[in-house]
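What TrEMBL says about this protein:
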TRANSMEM  12-29  transmembrane segment
TRANSMEM  35-56  transmembrane segment
TRANSMEM  77-97  transmembrane segment
TRANSMEM  103-118  transmembrane segment
TRANSMEM  125-144  transmembrane segment
TRANSMEM  150-167  transmembrane segment
TRANSMEM  188-211  transmembrane segment
TRANSMEM  217-237  transmembrane segment
Amino acid sequence: MHGYLAITRPVNSVIAGLAGVLGYLIATGTVRPEAALLIGIVALVTAAGNTINDYCDAEIDAVNRPDRPIPSGAVSGRGALIYAALLFTGGVALALVTNPLCLGIAVFNSVLLVLYAVRLKGTPFLGNLAVAYLSSSIFLFGGALAGAEGLLATLPVAGVTLLAMLAREVLKDAEDVEGDRAGGARTLPMLIGVPRSVTLALGFALAAVVLSMLPVFRWWGLPYLLAIGTLNIAVLFRSAGVRGCDTPACVRTSGVTSTLKKGMFLSLLVFTAAAILC
C-alpha cells in the first residue's frame, strides 16, 4: 500500500488542495466550511495526475529513478493506470457537489493532465504552458467555488502565477539544455537557443509584474500597491542578472529560477493579506 501512497506525491497533492482554499480566500476574504471540498477535489485530481505521469515515465524512471513505485515493483503498471482512473473519477465526482464552474475546471484539468503525461510533456513550450496553466488554475478553481465573481477575483493571481511559471519553466529548460539533449528531449531553448529563451522568459516575468498591478484599480488600494510594487522591483532587480546569458551555465549561475520561485510565494502572501485586510 505504501507504493500506492507514494506514487500520488501526497504532500504535493495536499499542498495543491490548500492552494485551492487560498484561491477561495483571495476571492471572498474569508473561508467557509464548504471550502474544505476544494482540498479533497484538488488533491485527488493532482494525485491522479502524478500517478498517470509516473505510468507514462515508467521506462525512463527504470533507468534514472529505479526507486520509484513502478520501477521498484511496488506498483504495477496496470495497477497504476486503474488507480489513476479511480482518483480522477473520485475528484470529478466530488466536484459534482460544487457548481458548474468548478466541475468544468475539474473535468478540463483532468483531461489536460492525461494529455500532458501522454503527449505534451515532450512537446516544446506546450508542455511548459500546460504546467503553468495547471498551477495557476488551482486559484481559479478556488475562486470559482464562490461563483463567477469569485472566479473573476482570482484572475490576477492566476494570471501572475501563469506568467511567472512560464518564465520559470522556460528558464529551467535553458538551464538543462545539455542534459535534455543527452536524454533525447526536445525543449524550447534547444529550438530557439538560450539567448532568445532568456528574452522570452524575461518578457513573461515583466508581464506578470504588470498584471499584478490590476487589483490596485479594481479591488485593493495603496497598501497593496506599496507591498506588491516593492516585491516586483526586488524580483526584477534580482532577475536582471540573467540578461545577456547565452549558455546554460550562465542561466544556472544567475539564480533567476530560485528568485522567481521565491517571488511567486511572496506575491501569494501579498495577495492573501490584501484580500483579508483591504
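Cβ from N, Cα, C; glycine included.
Caution: TrEMBL annotation is automatic and unverified by curators.
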Recorded stretch, among 77-97, 125-144, 188-211, 217-237, maximising Cβ pairs under 8 Å relative to the transmembrane segment (150-167): 125-144
Interface-richest range of 12-29, 103-118, 125-144, 188-211, 217-237 toward the transmembrane segment (35-56), CB pairs under 8 Å: 12-29
Sequence-remote partners of the transmembrane segment (217-237) [C-beta within less than 8 Å, at least six residues beyond its ends]: 153, 205-206, 209, 259-260, 263, 266-267, 270, 273-274, 277-278
Range from 12-29, 77-97, 103-118 with the greatest count of C-beta pairs under 8 A to the transmembrane segment (125-144): 12-29
Distant-in-sequence neighbours of the transmembrane segment (77-97), which means Cβ under 8 A and at least six residues beyond its ends: 4, 7-8, 37, 40-45, 47-49, 51-52, 54-55, 58, 69-70, 103, 106-107, 110, 113-114
